[in-house]
Each structure stands twice: as structure tokens, then as C-alpha cells.
């Protein structure tokens with residue numbers, strides 16, 4: 001279900017923030033967010049609960065925590081300035097919210113890139129009901 005929601009959001013907001021995050025993920029991993037990360041493990045994609053399944057899923061958990069710390073921002077919808085050069089993502093000048101959202105996304109994309117070796121296809125499209133353990137705290 002969360003995968004369908006992500007796809008719908010991406011189709012509606014083609015110029016929005018989620019597409020920016022997808023581009024960062026593509027830069028760092030050479031994989032598109034959909035289908036590789038939109039419903040991976042217990043935390044990659046919309047929402048999250050339970051315990052991260054591996055280091056890749058932990059990147060998404062930390063990203064969720066980063067978003068939770070932002071106050072007065074709309075991290076899933078705000079558009080922010082950024083650039084990249086030879087695989088390095090640089091968050092640009094913008095509002096304080098834009099800078100913080102960009103840094104959350106940049107850190108997650110870098111983390112996913114650094115943990116490509118932990119990526120397991122068995123966690124792609126992982127069903128939410130299998131994420132039963134008590135949720136990890138931020």
C-alpha cells in the first residue's frame with residue numbers, strides 16, 4: 001500500500017521534494033528510489049515501525065528521525081536548492097527549513113550509497129506486518 005502511495009505522490013508532484021530526494025538517491029546509489037527504496041525493509045518509504053532490517057534500512061530510520069526533529073517545516077513537500085559535482089551533493093542557500101530538509105536527504109542518500117553492500121532484494125516490497133518488534137527510538 002505505501003508503495004502505491006509513493007508512486008501516486010511522485011506522479012502528482014513531479015517537481016516536488018520527493019523527486020529531489022529520488023535524484024540524490026540515484027546520484028549516490030545508481031538506483032532509482034522506486035522500486036529499490038520505496039518499500040524496503042521496515043523504514044524505507046512512507047512511515048516506518050519495528051526494527052530496521054539491515055544497514056540500508058537503518059539509513060531510512062535515521063532519515064525518518066531527522067525529519068521528526070524538524071519543526072515548522074514540511075519535509076516531504078518543501079523544495080530546496082542543491083547541486084552535485086562528481087558524486088558530491090551540496091545543499092544550497094535557502095530558508096532554514098530548506099537547508100535542514102536538504103541535509104536530512106543528503107545524509108540519507110550518502111548513507112544508502114555507503115551501504116549498498118547490505119542491500120538485500122528479500123527486503124524489497126517488505127510487508128509492514130512483518131515489522132513487529134517494538135519500534136526503535138530516535
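The first residue you see is number 1, and the count goes up from there.
Each residue, glycine too, has its Cβ placed from N, Cα and C.
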>> Can you find which of 64, 78 Swiss-Prot lists as binding Ca(2+) at the same site as 43, 45, 47?
In response: 64
> If one measures from the C-alpha of residue 138 (disulfide bond) to the C-alpha of residue 66 (disulfide bond), what distance in angstrom results, rounded to a whole number?
Replying inline: 9
>> If you count other CB atoms within 10 A of each CB, which of 59, 73, 131 wins among these disulfide-bonded residues?
In response: 59
> Given the recorded positions 60, 63, 131, which one's Cα is the least distant from that of residue 43 (Ca(2+) binding site)?
Replying inline: 60
> Out of these disulfide-bonded residues, 44, 111, 138, which one has the fewest other C-beta atoms within 10 Å of its own C-beta?
Replying inline: 138
